[in-house]
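Q: Below you'll find the structure I mean.
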């Protein structure tokens, strides 16, 4: 009889639910019976909404499951649940409140509820002190908005929700405001709400008095797009000669130290050219979408000056302000004196503050403002009373600042810093060399003659711009080589950067010279270019740029010619006997600035004894013990009497005759044993 009772439909809701989904018209009467039962339970529940009701929870889920089968009967069911949650969500039983929310989510997934009204209700429910409920609502909100914008951007719904979230960010309940901010950040990262309105709503959270909201907003703006994390070494076929081409050229030619040096130098120049095509500093799209970055940065600076938060929060504010100034090239002159107050070697996280100073430097800042910053760094860090690491950090910071604002460097300060090229500390010496190397490309005339090095074509053409000057060219630099090659009919000859593949065979078996072609006609072309004045070169380049449509091959030739300028000596000068073996990361400026650029030490400091011991012990964790364990002939045999005697409890042995009659060693025996032990130890030490 028990099996039959389980099949009775009025009392078996799961079975009735299954049958209704299969054939809704056949079970209308059973449904109406349960619906009336639900109404009566709901009326009773409204009298005491703070009491749990398991029967009501089952009926609500039953109605939500079959809501699509009888839409005309259950048209008021979703609104009734929403009203109940809206008015009584603070007093409802947690399990019953979760059931009501799950029922609404189920109805929304079946598209029986308007998304705007439901999501607004769920945002209000984020005020509840129920962590599991908040997590469930957060997941549904993000997923639902993602599904709404799956096929196309639903601007009508998005605008309503964004306006509502803007009010939620100013809500008195910190938890609800924080969850609303998390929703917007998550939707932006998923490229669902990646518009300017979302970003500017998040900017308002940067001025919140609630620390958690402030930190979340600052962390969002200090992040990076996932696209930037891709490997920067990816190369395309149209980007000129690749590293693979150079390696193939070396592999198919003669092996020798000369060709090996040529390969290394060519690889360095190639890597430098590749880095020039990388995105600029702080390429995070959210910062670019801010409507008024100048006003935003000024408000942040005002907040920073009166901020009473922890030091870490102040550092985040400084970081964001410096990024805003660096990206948008803002005029925020009060920021630099504020940063100068913290530029002391003993200051906590001083390397990060130096990084912020470099980030906030750009060519539109008046040079006298940056000069004050440079002098502060030089006076506080680059002095002989400080350690080598402190001096290195100071020179590195000066180098990064002047790379972004070259006019700020004075000739007197540069010559003083260049003298550290012969410093006894290797880190200081190498940092000074990198600074000299930087100004060889920016403005060699500021260096003393002995520090300028052998001039190249690129260094001769280099000219430092005046304050506010724009270098707008009406021609493609290097385009003059195209017309010359056309005149000399050297279509089949490359000018020193012959591309090679695995299928090519060289007649003489030698590696192609990457510096200059040995062909007589190419030498004649090079001589014509060398003898041509700079103004005539520009005129020819402008004529070529405007008179012909350049192909990919033409652009590749131009790139190769520009790369040759950085490798070859200037006209009338001898080739360099050797090139300075600089770190490849030092060769390109204006790229992504990281803390490693400020803290770079070319020679690692010696670690103390504790660090060495910790490293040694960490390496021994996976090593097996070098102790041979005694093995039995028969592993299943019992233990011997000797083993049993060793393992026996002392309390069982203390009254034994052997223990009581045991005699200890005499003083003489102990002396002899100690002597033998010391002799044995001395032999091991030898």
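A Cβ is built for glycine as well, from the same backbone N, Cα and C atoms used for every other residue.
Quick caveat, the model's predicted, so the values are computed rather than measured.
Relevant sequence annotations retrieved from Swiss-Prot are reproduced here:
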MOD_RES   232  phosphoserine
MOD_RES   234  phosphoserine
MOD_RES   236  phosphoserine
COILED    254-315  coiled coil
REGION    484-508  region 'Disordered'
MOD_RES   551  phosphothreonine
REGION    563-586  region 'Disordered'
MOD_RES   584  phosphoserine
MOD_RES   588  phosphoserine
MOD_RES   594  phosphoserine
REGION    604-649  region 'Disordered'
Q: Enumerate same-chain residues with a sequence separation of six or more from residue 551 (phosphothreonine) and a Cβ-Cβ distance below 8 A; give 'none' if the list is empty.
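A: Set apart from residue 551 (phosphothreonine) by at least 6 residues yet with Cβ under 8 Å, there are none.
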Q: How does the region 'Disordered' (604-649) divide up by DSSP, counting helix, then strand, then coil residues?
A: 17 helix, 0 strand, 29 coil
Q: I'd like to know the mean pLDDT over the coiled coil (254-315).
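A: In the predicted model, the coiled coil (254-315) has a mean pLDDT of 79.
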Q: Looking at Cβ-Cβ distances, which residues of the chain lie under 8 angstroms from residue 594 (phosphoserine) while being 6 or more apart from it?
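A: Correct list: 355.
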